[in-house]
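If you check Swiss-Prot, you get these features:
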type	residues	note
BINDING	CYS49, CYS60	(2R,3E)-phycoerythrobilin 1 binding site
BINDING	CYS81	(2R,3E)-phycoerythrobilin 2 binding site
BINDING	CYS166	(2R,3E)-phycoerythrobilin 3 binding site
MOD_RES	ASN71	N4-methylasparagine
Amino acid sequence: MPLDAFSRAVVTADASTSVVSDINALKAFVASGNRRLDAVNAIASNASCAVSDAIAGIVCENQGLIQAGGNLYPNRRFAACLRDTEIILRYVTYALLAGDSSVLDDRALNGLKETYSALGVPTTSTIRAVQILKAIAVAHIQGTNTEARAGAKYRKNETPLVEDRCASIAAEAAGYFDRVIAALS
């Protein structure tokens, strides 16, 4: 079962029959709380568009995916791809909020490559969709996504993240997407 930073500190201390000693790590986690919430909000507020843009991106790069015999044909396969991409994004946000990848690893990535292989889902297209999703999410966290880039789909964040404060959160989010890519490779 995935543990948040506090539960992990208590379990670790209990296992060594000592008091919680990693107070500095807990302080740092608490201090990053608002940044995490802002980052997750930036992703969640744009999730639907991010998912559809990631899938549209792989279709633009490979029109064969939506042709008869392609992996996004017929519509039920396309819908399943959108659903799976949304699930991946959702678990990345859970990991980002918790500051821990175990929920992502345990609930989304464990056996993902094998499942996709058994279903005949091309991992190269899936990896490319996750790469696009990563770029979109990081742009929203950093506030570098603009109306000019996103067009009518653009949703401005209510609370823009301060550039120097969001670099570590953006890097952490990118790392969770990289875990997804590694699990599919």
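Backbone N, Cα and C define each Cβ position, glycine as well.
Known features from Swiss-Prot, placed on the structure.
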| residue | record | contacts (Cβ under 8 Å, 6+ apart) |
| --- | --- | --- |
| CYS60 | (2R,3E)-phycoerythrobilin 1 binding site | none |
| ASN71 | N4-methylasparagine | LEU65, ARG77, CYS81, GLY120, VAL121, PRO122, SER125 |
| CYS166 | (2R,3E)-phycoerythrobilin 3 binding site | ARG35, ASP38, ALA39, ILE141, GLN142, GLY143 |
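Most buried of the binding-site residues CYS49, CYS81, judged by other Cβ atoms within 10 Å, is CYS81.
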